[in-house]
Amino acid sequence: MPGSPGGALVWGSPWLDPWGPRARGGCGLLCFILHLAALLLYNARHYSANACLIPICSLYGAAITTVEGIGNTKSRIHPVQERIAKCHGSQCGFCTPGMVMSIYALLRNHPEPTSEQITEALAGNLCRCTGYRPIIDGCKTFCKVSRSKFNNQNCCLDVEENPSSLDKEKVICTELFTPEEFQPLDPTKELIFPPELMVMANDQQKRTLIFHGERITWISPVSLKELLELKTSFPRAPLVVGNTSVGPDMKFKGVFHPIIISPARILDLNLVNYTKNGLTIGASCSLALVKDILENAVLELPRENTKVFCALLQQLKTLGGQQIRNMASLGGNIIQRHTTSDLNPVLAAGNCTLSVVSLRGRLQIPLNEQFLTGFGNAILQPDEILVSVHIPCSETGEFVSAFRQAQRRENALPIVNAGMRVLFKSGTDTIMDFSIFYGGLASTTICVNKSCQSLIGRCWNEQMVGDACRLVLEEVSIPGFTQDGRAEYKQTLIVSFLFKFYLQVLQGLRQMYPCRYHDMPVRWMSILQDFQTRIPQSSQKYQVNPEQLPQDPVGRPIMHQASIKHATGEATYCDDIRAVDKELFLAVVTSSRPHAKIVSSCALFKMAHSKQYFHQSNFFYLLQVNCVGQIVCAVVADSDVHAKRATVKVKITYEALEPVILTIEEAIKHNSFFDPERKLEQGNVDEAFETVDHVLEGEIYIGGQEHFYMETQSVLVVPKGEDKEMDVYVSSQHPTFAQELVASVLNVPSNRVMCHVKRVGGGFGGKVTKPAILAAITAVAANKTGHAVRCILDRGDDMLITGGRHPFLGKYRVKYKLGKVRAADIKSVTESSFFPYPKIMETALLRMDNAYKIPNLRFWGHACKTNLPSNTAFRGFGFPQSALVTESWITDVAVKSERQSGSNYIFYWTNSLVHIYTDGSVLVTHGGVELGQGIHTKIMQVTSHELRIPTSYIHVCETSTVTVPNTRPTAASIGTDINGMAVKNACQTLLKRLAPIKEKNPEGTWREWVREAFHQSISLSATGFFRGYDTNMNWEKGEGHPFEYFVYGTACSEVEIDCLTGDHKNIRTDIVMDVGCSINPAVDIGQIEGAFVQGVGLYTMEELTYSPKGVLCTRGPDQYKIPAVCDIPEHFSVSLLSSSQNPRAIYSSKAIGEPALFLGCSVFFAIKDAIAAARKERGLPGNFTLNSPSTPEWIRMTCVDQFTKMVRNCFLKDPRVHFL
């Protein structure tokens, strides 16, 4: 292998992993298929894997299939690509190739998968746009049951009348795609495993592989003896099989290993041995293979012998995604001894043993407390190798269980996990042996050995479990402040898990000895049932007009115009643009202090590949920094890897400044606010409160939210060489702003800067203003060096720098009588960080009344200044926060209230350009940016409807300041509203020009009319313009006309919570949404579902945490959890309200991308109701505070019980407490 940079050597070559240095393996975006020949077997296995984690050296002898390899638009698309696209499973499209390849790998191994296999295959893939439902619908068509179901149904065009509809001319349709159109899956047409690789894999004369990189040497031995010799020679060299631990450490923690050894090809480390005493599994076996082995053993062995196996399987089902399990090894998971390991507590509790070998001989080491904590003789020496793990069979009277609680049920590191085992004397419930291991509480897995030993000889009863809980709490000491701030919650979990184990064992004893034990109370039975991920059942309803002409596309569920290209990987994003000759790469240097003065800065470059470009130039205007993550300077080098490596060489000296303000509460304490304070009032609030009625006071905090768009901030700036012209390719929702800022910093007119946006891989408001800053920095570098410069932020830097949704603190005082609210006085404070964003608070106040009419109402709004990265626009623009405040006091006042949401938007002007060519084809450009919301698709429908031509004649090209100047941002869901009007205007202009020709030749074709117009010298190009609406707001007078129309929607959600752990499951959600007359029901329903699921994330799971020094801790998919497949409702229904007229928007449609996000709060309030029911059972009626997001910690600690009280008091004084 030729020498290459260390980064490229370890992280993947450009053809395999162009985004490698920016990925972490937790999102599934870079999924490909790895085909490996099984050792000593003439067959191949097909694995999905994450390219960002696969060292390219480990691919020797493997076949690789990427999304481009299974199908493309130039030849033939694969059925997986076709079905995900035609089922509307792609919006922005950035995650679609990963989804396709995950399902493709499943189909290669299981051509007729079960629904459970589909959800398991997709568990490691994240999507921020769709809400997952359409992706799953497309995948379900491969299931045998699903196909028979479709065969029994009518075509989606066979619609039935809606007898309850007021509009008798409309009918209801319930299908968004036609399964009969899909090409069948033919496994015989799939790519075969290359025979030469099969021969090479089974060649008995294997040779050692050595690859030399710029800084790293990779060695792959073929025998155990050679491996031991290498470890003796290089004792500090890590062993890498799946690279799921060493790789991230090298990428993100700065760990460097000059020598890496890969034992994956050594047969001794891949053997599996079945004996009557248990299983012995090789250390290099993947976790996916271990799962298969254990599942087979559970099917074949008696139930009483498989307790350890079942406990391990329970953890393996949720450990990472399928891609991670396919690569991660059993030995690596054990040897790392991470506190978050889900397997080590179970393996330790199950009395497993490790087979360790060195040149000195072989040892059998118990996987126990000494090994996990690294004490005594259990410490592995640097030259010792873990060869295999022995997992014993359980015996009669032995019970083993596993527990875990994470921020998200699947593909998430645990907050706390546990493995527990008890062995009873034969025929009794007397404890003979007891072991409990916990993870997540310390730096490694810990054992509560002292507590367990004191319980030996006790009977398994209520008094025993009460004593056990107190003993465990006394033995396990968690500092009052932990890095994640969850000390109290973790202590509650350890006793909650213990109580669950008590009940599980009690149930097992009852099954063994039914005559000795009474039936367990029904209310306890649910404790024994873990939440399972089931494939969702869904329905969609929308109206169609049967009298509409077949060729008219408006109102029909047309597939996203780029979805096929999304699914084949042919869609081009900013970083897909081919490298320019002598292109350079830019990396930013960010502040490490939250509030400090910059004393000095210098760069110590001695790197052969850096361009020595470091400058704290006047562009940054930095005399001080106001947050961690603020960009201080930039470095340019000849590769992304070298640029990032050079940033470490930049040394900045700071002088700390006070105060450091990190929360809204601290801002209030220091009176740190931006002016002005905003106020809206109607009626007479003060007078209303003078009368004696019921008065309710309370507050709620709504945390921030990260945009987590799949495509991070990206820009490429290319100097054109003359007249100071520059092409700027940027992933932006507002290309005009990027153009203006670049022109400003370069001191050139705007006409010298050409900004281009083909498509954006998700934005949600996070790419309105932030990309312009990055584009300006990159442009300065390009101007200074004279070379094209590319800058792509990795996920961690993107989250650290860009900010997100504004946190809110709402305090309310409400007067009510007989269930009716008479007056409300609400004060809201938003965290704007160190840069004001007044529009957020203004919009929040304007929408705070939501769908309610309160006679006396007063809203106050103030933005506070903190030392955190500046927050920015986010889907909903303040409404999701302010409306949740309102909904909170409404639910506090009313026992039962409707969850109804009305939203409104401010509109802007825009223009468009439409060309008709002599062959009849039409080119449309407009000011909107394709973010995944389907704006180009709807514009094509508008153009087709206006010009009365098929959509196949129409092409919508990139958004560019060259063709459409002075655009407004594509935000607030109004892209189709304003750009559709502008395109309509241009089309009508062209139709007027063509009208005389059509009148003379009414039987002619479109092409004939166009050619004749050309011959008559009639212009076939027209600009369109839409001036927007006369909206206004006078804040001094508190009056105006800020909105042009309203959107209405309602949602009803059902959830189930686990009162012992805080976990919850979304059982059902039904949404009815007013969209006016939908231009594209498939796109609109997709937007509603995606927004709802994003709202579920905001209100229930997405939690941003900061260190005491202002450093964002939740950077990347490992720490920050957005909803996954496991989080969507099991029953998910969306209905579009009967078409209503809206003359203020294009074709009576309405903006729909943002309003449905607030409906995610229906899950939040369902959780709150469930908590209230649990509290009522425990004698705790009345109102209580539940902040957003309602994470497992909030749910568990709000469900106050004897365990939470025990934790808060350290232990109960009364040893006879009745736990049951």
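Quick reminder: no glycine exception, Cβ is built from N, Cα and C everywhere.
TrEMBL annotations:
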type	residues	note
ACT_SITE	Glu1154	active site, proton acceptor
BINDING	Cys92, Cys95, Cys127, Cys129	[2Fe-2S] cluster 2 binding site
BINDING	Phe877	substrate binding site
DOMAIN	211-396	domain 'FAD-binding PCMH-type'
Within 8 Å of the Cβ centre of Cys92, Cys95, Cys127, Cys129, which other residues of the chain have their Cβ, at the recorded [2Fe-2S] cluster 2 site? Ser90, Gln91, Gly93, Phe94, Thr96, Arg128, Thr130, Met710, Gly761, Gly762, Gly932, Gly1090
Compute the C-alpha separation of the residue listed as 'substrate binding site' from Cys92 ([2Fe-2S] cluster 2 binding site), stating it in Å without decimals. 20
Measuring CB to CB from Cys95 ([2Fe-2S] cluster 2 binding site), give everything in the same chain under 8 Å that is also at least six residues away in sequence. Cys27, Gly28, Leu29, Asn125, Leu126, Cys127, Arg128, Cys129, Met710
Pop the Cα-Cα gap between Glu1154 (active site, proton acceptor) and Cys92 ([2Fe-2S] cluster 2 binding site) into the table, whole Å please. 16
Can you tell me how many other Cβ atoms are located within 10 Å of the Cβ belonging to Cys127 ([2Fe-2S] cluster 2 binding site)? 31
Suppose you look only at the domain 'FAD-binding PCMH-type' (211-396); what would the mean pLDDT be? 93
C-beta crowding around Phe877 (substrate binding site), within 10 angstroms: 25
The residue listed as 'active site, proton acceptor' CB neighbourhood, other CB atoms within 10 A: 26
